[in-house]
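Presented below is the structure to which this report refers.
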Amino acid sequence: MPSPKIAPSILSGDFANLGRDCQKMVANGPEWLHVDVMDGHFVPNISFGPMVVEAVRRSVPREQVMLDCHMMVSNPKKWVEPIAKAGGDQYTFHFEAADDVQGTIDLIRKHGMRVGLAIKPKTDIKEAFPYINKVDMVLVMTVEPGFGGQKFMPDMMPKVEAIRAKSAEIDLQVDGGLGPENVELAAKAGANVIVAGTSVYKSADPKSTIAKLRESVTICQCHHH
Ligand SMILES: O=C(CO)[C@@H](O)[C@H](O)COP(=O)(O)O
């Protein structure tokens, strides 16, 4: 089983002080930072693009943390080179947005990034099966993408189980509405990468919330074996 990774979503951060805010979050010891790029077309919201990702990268160097870029964009190939140049480490694109899934995977690899494949709540998980051994991570969305602060959808857990049944090694990410109260559900289903926006950023003690999330995943993984 791949190691637990906690990925705070900077969408819940303070955009007026983004650099300092990212540095502060990284000091809390997350494995990854989750970076939500939204184009106002694939999802009904706009966050930021490659220029801001580049600024985030300057604030938190690669040696300190991995930038996990979740690309909620209509034309995923178009942003591969800009995000690689901006310093992204992983590029997660949506199955629903890609007309050429394999070509998108190849392009991301060519630019030296890890590859993630994201699935929206209404998409059949079987669509992802042919690509499981071609990507580094599958992201099972547990809210409709577009906004932070939504409610976790527990009925997505069978999808997580289905992916984990196909691969013991793949990084398996859940994103949307996750916190200490429901992380066990996701981890028991087989998720090892936990995105957390609201629960970490609005926590009185983000460092201990991150540690708590990680501990829950670790305990669930032990019970699996
Ligand atoms: O991709 C998204 C939303 O589309 C997420 O990354 C959210 O930013 C997670 O935030 P919370 O649901 O944890 O508040």
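Glycine too: its Cβ is placed from the backbone N, Cα and C atoms.
Bear in mind that the values here come from a model prediction, so they are computed numbers and not experimental data.
Of the listed candidates (Ser9, Ser47), TrEMBL assigns Ser9 to the same substrate site as His70, Gly146, Phe147, Gly148, Gly149, Gly177, Gly197, Thr198. Checking the candidates Asp175, Asp205 against TrEMBL: the one annotated together with His34, Asp36, His70 at the divalent metal cation site is Asp175. The Cβ of Gly177 (substrate binding site) lies under 8 Å from the Cβ of Thr142, Val143, Gln150, Lys151, Phe152, Met153, Thr198, each of these being in the same chain and 6 or more residues away along the sequence. If you count neighbouring Cβ atoms within 10 Å for each of the binding-site residues Gly146, Gly148, the highest count belongs to Gly148. When the binding-site residues His34, Asp36, His70 are compared by Cα distance to Gly146 (substrate binding site), the shortest distance belongs to Asp36. Distance between Cα atoms for His34 (divalent metal cation binding site) and Gly148 (substrate binding site): 12 Å, as a whole number.
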